[in-house]
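Reading through the structure tokens given below for one structure.
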Amino acid sequence: MNVDGDDYKPADEFSETNGYDEPQAEPLPPPDGRESVAPTALSPPPLPDSSTQTPAPVPQPKPHTPYRPNYKPTLMLSGHSRSISSVKFSPDGSMLASCAADKLVKLWDSETGDIIHTFEGHTEGVSDVAWSGNGDFLASASDDKTVRLWSMEDYAERKVLYGHTNFVFCVNFSPSSSLLASGGFDESVRVWDVSKGKTLKTLPAHSDPVTAVTFNHDGTLIASCSMDGLIRIWDTESGQCLKTLADDDNPICSHIKFTPNSVFILASTQDSTIRLWKAQTSKCVKTYTGHTNRTYCISTDFAPGHKHIVSGSEDMKVYIWDLQTREIVQVLEGHRDVVLAVASHPTRPMIASAAMEKDLTIRIWADEPLVGV
């Protein structure tokens, strides 16, 4: 099934221009069979005989070859002392936020790799970070049962959100930055008013820990996934569950993300498979395999340009698939432990990846197109 139809047309940032060869028309024989005489300066060329002319062949486009990325390592960031659980680029791409089991949230310059600031305040490990759409705030979710809001203006802690009764595992802002959704081991999804720091709704979402929450492009829907294997789509305003997506085998669902137009949901599951679901029909339309994921909650993302999918893996590599063909187009090697977190730069062909205890590095990869490709 081709996803690249009326519903989903990936961006064209990295598509190549289809070239056309102009075929040359074969010379036509003279109408009366006599040898043709080339015109001279004194004799004008003969008028064409319209009765013998045929239309020129229509130029045919060359077959389209999908773009194959060529990511190369550019930076290696070190600073965390425990497994790194999440990395996220800021909305303008100038900074990268990371969090880890060392209770810290760090802010890096994505261009130079320099550390900008370290946020301290959580009393247990931090599982997830998320940027507000305007880039003014960073949210972090922790095993200390809190969500904390950090200001980018002065790097101060602005609010501590209390309400979850167990580890908070995931967090995300709405596109308008006015709402925040979080999920955790209390099996609920909480929707927060960011300005007041208060819970607006508590959704009895799942029967196991909630592993990811995300908003659609206009903030009217919230999607959640869980260790119970279910993906649920909620109406943000009413809190009503609109749809439940589930595979027959019901593998643990680690991470989800809406496509930019919110027609599809990309889901990472612990059967070493990434699935692309069409939300409206509750159908899985594509699967991506080849990596290893059977133990940890590993994130997945759309690579820059939205024509590829990127994911970490338990074999210490980063995998990149062609969105349409499902082919693995590149495998990035260098990490020395499970790659838990990946993130795509919002405007440039860059990817960040981060690994667990035996590695503790964040790596930045940049796409360097092959000459002539």
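The backbone N, Cα and C atoms fix where each Cβ goes, and this holds for glycine too.
Automatic prediction, not curation, is the source of TrEMBL annotations.
Going by TrEMBL, these are the annotated features:
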- 1-12: compositional bias 'Basic and acidic residues' (COMPBIAS)
- 56-66: compositional bias 'Pro residues' (COMPBIAS)
- 77-365: domain 'WDR5-like beta-propeller' (DOMAIN)
- 1-75: region 'Disordered' (REGION)
- 77-118: repeat 'WD' (REPEAT)
- 119-160: repeat 'WD' (REPEAT)
- 161-202: repeat 'WD' (REPEAT)
- 203-244: repeat 'WD' (REPEAT)
- 256-287: repeat 'WD' (REPEAT)
- 288-331: repeat 'WD' (REPEAT)
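Residue counts of the repeat 'WD' (288-331) by helix, strand and coil are 0 helix, 19 strand, 25 coil (DSSP-based). Broken down by DSSP into helix, strand and coil, the repeat 'WD' (203-244) contains 0 helix, 22 strand, 20 coil.
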